[in-house]
Amino acid sequence: MIAIDGPAGAGKSTVARLVAARLGYLYVDTGAMYRAVTLKALREGVDPGDAEALARLVRDIDLVLEPGAEGVRVRLDGEDVTAEIRRPEVSRAVSAVAAVPAVRDRMLELQRALARQGGVVMDGRDIGSRVLPWADRKIFITASLAERARRRQRELAEAGVHASLQEVEAEIARRDHLDSTRPHSPLVQVPDAIVIDTTGLTVDEVVTRVLDHCR
Ligand SMILES: Nc1ncnc2c1ncn2[C@@H]1O[C@H](COP(=O)(O)OP(=O)(O)O)[C@@H](O)[C@H]1O
Ligand SMILES: Nc1ccn([C@@H]2O[C@H](COP(=O)(O)OP(=O)(O)O)[C@@H](O)[C@H]2O)c(=O)n1
């Protein structure tokens, strides 16, 4: 069981997916789960600040993560929403939705159920601290804000979304602040995690470091 946490755009998903493939483990992208909940809320006109409505919304949500050739596919109520959950509207609202305790408690149940299936690499914000505190390895992946913004801007451009570097950087910084300061299972660096700063590294170098640590 490998737990990977860190701020937005640090490279968690990219590295976690490759490490899971190398080890033959299941990869669980918990950020995608919070994004899918947020998409459902936006579609149903539920205010991201309405905790009671969000608690109802997650109670029997149909959320499935399926391993695919190009990464995990996300199905919400039977529909493939893999691309849509990366839209800027979802990114803007997700931290408010993820701050609601009932949402986090429901995601925790689903995440632990996935981890019970066997070898797993799970990435997010509270995996080492709350979801899988008994994980065999914990890794905190980070990078400078400027580098993370450059990476996210490139990804958005590839998806046809054009935003200035300043805008992307401000948005990431705002989300990191919300994620780190919420009362319920905030983003924290646990003392038993090793830290990898990916700023000057290639994806391969980071994957190698994680695999070395897991041996
Ligand atoms: N050294 C590196 N480690 C991880 N990702 C990197 C690295 N260099 C560039 N990238 C790119 O940065 C982006 C990181 O995004 P992602 O993995 O979604 O981060 P996170 O899951 O932490 O938000 C990807 O497009 C990835 O290809
Ligand atoms: N374990 C997790 C994972 C994500 N999240 C929330 O979900 C958001 C999106 O996560 P993500 O990993 O997809 O974000 P990116 O770093 O890929 O942009 C985060 O900003 C958090 O608000 C969380 O609260 N706890």
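Glycine residues also receive a Cβ, built from the backbone N, Cα and C atoms like all the rest.
According to TrEMBL, the features are:
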BINDING   GLY6, PRO7, ALA8, GLY9, ALA10, GLY11, LYS12, SER13, THR14  ATP binding site
DOMAIN    2-213  domain 'Cytidylate kinase'
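Here the features listed in TrEMBL are painted onto the structure.
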{"residue": "GLY6", "record": "ATP binding site", "Cβ neighbours (10 Å)": "26"}
{"residue": "ALA8", "record": "ATP binding site", "Cβ neighbours (10 Å)": "24"}
{"residue": "ALA10", "record": "ATP binding site", "Cβ neighbours (10 Å)": "27"}
{"residue": "LYS12", "record": "ATP binding site", "Cβ neighbours (10 Å)": "28"}
{"residue": "THR14", "record": "ATP binding site", "Cβ neighbours (10 Å)": "18"}
Across the domain 'Cytidylate kinase' (2-213), what does the pLDDT come to on average, as a whole number?
-> 95
Remaining residues near the recorded ATP site, that is with C-beta within 8 Å of the centroid of the site residues GLY6, PRO7, ALA8, GLY9, ALA10, GLY11, LYS12, SER13, THR14 | ASP123, ILE141, THR142, ALA143, ARG148, THR198
Among binding-site residues GLY6, ALA8, ALA10, THR14, close to ligand 2 by Cβ (under 6 Å) are ALA8
